[in-house]
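Below is one structure; the comments refer to it alone.
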Amino acid sequence: MDKQGNKRYWTITYGCQMNEADSEKINGQLEELGYLPGREMDEADIVILNTCSVRQNAEEKVYGKIGEIKPLKDKNPNLLIGIAGCMAQENRRKLIQRMPIIDFVIGPYNIHDLKDIITEKLQHESHVVLTQMKPSRVRDYSTLKASRKSDIFAWVPIMQGCNKFCTYCIVPYVRGRETSRTIEDIRAEVEALAAEGYKEITLLGQNVNSYGLDFKDGTDFSDLIRALDEVDGIERVRYMTSHPRDMTREMVDVMAASPKVARHMHLPVQHGDNEMLRRMNRGYTIEHFEEMVDYVREKMPDIVLTTDLITGFPGETEEMHRKTLDLLKKVRFDSAYTFIYSPRKGTPAASMEDQIPDDVKHRRLNEIMEVQNQISLEINREQEGKIVTILVEGPTRQDENHWFGRTSGNKMVVFPKSEDVAVGDLVRAKIDTAQTWLFKGEIVR
Ligand code: SAH
Ligand code: SF4
Ligand code: F3S
């Protein structure tokens with residue numbers, strides 16, 4: 001409680017954009033109960049950690065944070081502590097057994113129950129655990145009020161879950177099977193966002209290219225893109241994540257023809273070696289991946305292509321690792337997020353033989369990053385002197401006299417603040433200097 005007697009909440013988000021979107025819904029639910037956003041964790045009456053299980057270090061951060069919260073609970077026994085998200089779904093009651101200061105645990109399908117837990121359930125029970133995965137909840141998602149962080153950009157989850165079962169990945173176990181929201185429902189949400197002045201939306205799914213397949217009526221991601229093209233007011237449509245197996249040429253054609261779809265594609269390849277891809281159960285070969293990339297670049301020559309890589313997957317030989325380096329040099333992604341393989345309990349890869357020692361994993365990670373950073377910088381340097389269109393996001397974190405915006409390709413351009421440029425404006429900027437991760441530039445009139 002703050003000095004004025006208001007109840008305050010503090011939500012911390014880990015993991016992917018899906019969790020960012022869920023946290024906005026969580027905060028919306030808390031605001032409906034009369035809580036205000038906290039200004040610091042110390043004054044909160046409720047703290048919710050929206051967690052991620054994708055790698056061990058993501059989980060460790062959460063355990064560390066709970067340790068930090070404990071003294072607050074000692075000081076204020078009425079403080080409510082909730083664990084939401086993927087670790088909640090994975091560990092359920094075990095979280096409370098391990099850390100009894102946790103009051104409630106809710107899975108990603110249970111944000112709908114949050115108000116009821118706080119106002120009813122916790123009045124009768126000391127601990128509440130709710131982790132049922134009901135597909136109908138995905139379709140009701142739009143009925144939950146969100147407290148959105150930005151007035152310009154909005155997350156729009158279009159589906160939940162994943163059916164792919166890559167052998168290293170825990171997501172299918174904690175997010176359930178693929179369930180899509182209907183095109184009508186998504187379109188209505190996007191129209192409402194446009195009416196509120198939002199300029200950019202990001203469609204979210206673990207594998208957006210399998211959007212709609214669960215309806216079994218021929219609906220697919222292309223249909224959704226076509227439907228959203230018609231919404232006035234939205235300038236840019238982003239989407240993530242794409243999957244090399246499920247993306248079709250038709251989808252690429254529809255994106256290329258769209259006036260709104262941004263020129264950025266995040267297309268995780270994970271590895272440069274076919275045997276590794278097979279053991280990861282990715283369902284495509286490097287040859288197929290390269291063909292798709294060629295097609296995408298043919299249709300959208302200005303596309304910014306980013307990827308994810310895993311290094312140190314069980315059985316990865318030095319030769320296989322080199323193939324990843326070769327792939328990076330051949331494809332020349334704009335950037336790559338590289339992760340050290342982290343065994344996840346219950347996934348097939350965790351019990352595979354030939355786990356790779358940590359020092360080898362780290363050395364390979366560094367080699368990948370060195371190759372990729374060089375490529376990223378070279379690609380960005382080619383942009384020096386060019387004029388790009390950016391959507392203005394506001395001041396940078398370091399310096400309020402420098403603002404930034406993003407290109408259609410999602411690259412950040414930092415420029416000196418200017419009185420006649422406002423948040424949400426689409427403006428032209430000249431790129432002066434390129435760095436590995438961003439550009440420095442200036443607004444042109
Ligand atoms: N659905 C998306 C990615 C979800 S997880 C896709 O299929 O591409 C985001 C990234 O985390 C993955 O692309 C992968 O590179 C990485 N990742 C997933 N599980 C991992 C694990 N056990 N260890 C290391 N990285 C992992
Ligand atoms: Fe995980 Fe694979 Fe599904 Fe992506 S496609 S969420 S990596 S199982
Ligand atoms: Fe993490 Fe769950 Fe996203 S495991 S990456 S928060 S779907």
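Yeah, the Cβs are placed from backbone N, Cα and C, and that goes for glycine too.
Keep in mind that what you see is a predicted model, and the values were worked out from it rather than measured.
Look at TrEMBL and you will find Cys16, Cys52, Cys86 tagged as [4Fe-4S] cluster 1 binding site. The [4Fe-4S] cluster 2 binding site feature in TrEMBL is assigned to Cys162, Cys166, Cys169. The domain 'MTTase N-terminal' annotation in TrEMBL covers 7-123. Per TrEMBL, domain 'Radical SAM core' is recorded for 148-378. Positions annotated as domain 'TRAM' by TrEMBL: 381-445.
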Of the binding-site residues Cys86, Cys162, Cys166, Cys169, which ones put their CB under 6 Å from ligand 3? Cys86
Among the binding-site residues Cys16, Cys52, Cys86, Cys166, which have a Cβ atom lying under 6 Å from any atom of ligand 2? Cys166
Contacting binding-site residues, sequence order - Cys52, Cys86, Cys169 vs ligand 1, Cβ under 6 Å: Cys169
Fill in the CA-CA distance, Cys16 ([4Fe-4S] cluster 1 binding site) to Cys166 ([4Fe-4S] cluster 2 binding site), as an integer in Å. 17
Listed in sequence order, the residues of the same chain lying six or more positions from Cys169 ([4Fe-4S] cluster 2 binding site) whose CB sits under 8 Å from its CB are Val54, Cys162, Arg344, Thr347
My understanding is the cutoff is Cβ-Cβ under 8 Å with a sequence separation of 6 or more in the same chain; which residues meet that for Cys86 ([4Fe-4S] cluster 1 binding site)? Gly15, Asn19, Thr51, Cys52, Ser53, Val54, Pro108, Ile170, Val171, Val174, Arg175
Looking only at the domain 'TRAM' (381-445), how are its residues distributed among DSSP helix, strand and coil? 1 helix, 36 strand, 28 coil
Where's the emptiest Cβ shell within 10 Å among the binding-site residues Cys16, Cys52, Cys162, Cys166? Cys16
Tally of helix, strand and coil residues over the domain 'MTTase N-terminal' (7-123) according to DSSP? 67 helix, 23 strand, 27 coil
Shell list ([4Fe-4S] cluster 2; ref centroid = CB of Cys162, Cys166, Cys169; cutoff 8 A): Lys164, Phe165, Tyr168, Ile170, Val171, Pro172, Gln206
